[in-house]
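> My structure is below; once you've seen it, I'll send some questions.
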């Protein structure tokens, strides 16, 4: 079950501080990288919700992000709908698509679940690639960003857009925590630990899985709507299975089932990608070696390793410090 | 409360349950005896819906539930514990009970509230923990408690759904004599209006707890009666009880 430990809170605060520092001090290129990290972080957050807390390892989350991006692009450029409504619409459309995928795949497990979600993702990719209405392989351009000038935020400016993405990621993280702490989230955790028993207790397992998959899809859709606004262009590549694969790599690299870990993974992955690609075109090889090392080390990703090494010690110290600050104990000491 | 009519199940050429007729009244405590391979666990799987019968029907509180899936039967009041512990291993005892109670109270699928923090759920958790003597272990993870305590939790999780009928598959399986004795008291302390159907190999427990006894052999009901009648039955001695009586 999801628990926020002092270490997790600490890392979250550090990540938020680093992102804010980067948002206020970086130049254009640095801001573009930050925005890329924030959007990827949102996608992997959505994936960790279902994979890390429900055992549903999805290979269609990239496609879901693509659905969100295309939905936003279509609603704004073709239907002429205002960006705020289009954004809400793209989130709802992606959530509905994800719910259907979740409902269909809920009865499969392990490799079969992975393959079924991959098939859904590839179907979406093929449709978008082939259908002229979506612009085919040329994609769709001229996508507008949200207009928040009424609150003094010009999102055409990279800094403002990065800050907006940071705010959206914070909201998505908060929503994910609330979902995992809700009855639905607790039941999802129960299903991951023992699906047969949850069913024997009277839970309609497929429905819980589909509902959480739909909610996760909404977050992926939000990431997609932001991705479309970020590059102001969408192409079928957004829905490719490699995007889903990359998201899974980031979740494993950061720490599956920790929520905080995938955020760390997203930052590490994007920074590594940019730093290594400046040195060698074979940067995927290096990332591959790192991923193999992480998996072989049996630690649960970068954050999992930190948590296993220092988590218990930090949590104990915080608990001791909290106890010492309790008024009753201060009086007795005196 | 629970009734089966001509319940029949085969796996290929192997006939595991043959025309089983059972009728349990409300509050009745029945123990099912039978040698290994008699079809006892298969019967449980048929009752809860984990297996579909070839023919026959299952009735719960007067309703034919044969076509209902496992979850729907459970929501109608049919709960079971397993012969092998089927718990939520990474979670605490309290969370294990809470998940079951949340399903019963309808909080398990709510998005806007924490099911485990709900007063109704906490009340059931506390009550069941008291009933199955798990109070000292509430905050321990399943992996941290002994096998015997896990057997208690196995029953507790089933009880936390507030069932009308509780099926227990060898609740004392693998526990020592001391612990088994504790189980007698635990089962005798359960509410009298709860209908119990228990598969058990521990004869002392069977005769201590049972109002009625059913004996299965090769999937067939060969005895159905009172514990005293079971003790005197020659048929039973031949197929099952001989070794126990001689011992």
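Counting begins at 1 with the first residue displayed.
Backbone N, Cα and C atoms are what each Cβ position is placed from, and that goes for glycine too.
Keep in mind that TrEMBL annotations are predicted by a computer and have not been checked by a curator.
The structure displayed is predicted, hence computed values, not measured ones.
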> Identify the transmembrane segment range according to TrEMBL, selecting from A:282-306, A:307-331.
A:282-306
> Output the single range from A:110-128, A:247-270, A:282-306 maximising the number of Cβ pairs under 8 Å to the transmembrane segment (A:85-104).
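Comparing A:110-128, A:247-270, A:282-306: A:110-128 has the most Cβ pairs near the transmembrane segment (A:85-104).
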> Quick test of the contact rule: Cβ under 8 Å, at least six residues beyond the ends. What residues does that give for the transmembrane segment (A:247-270)?
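For the transmembrane segment (A:247-270), the nonlocal Cβ contacts are 2, 8, 11-12, 15, 18, 33, 36-37, 40-41, 43-45, 47-49, 51-53, 57, 59, 61-62, 173, 176-177, 180, 287, 290-291, 294-295, 300-305, 307.
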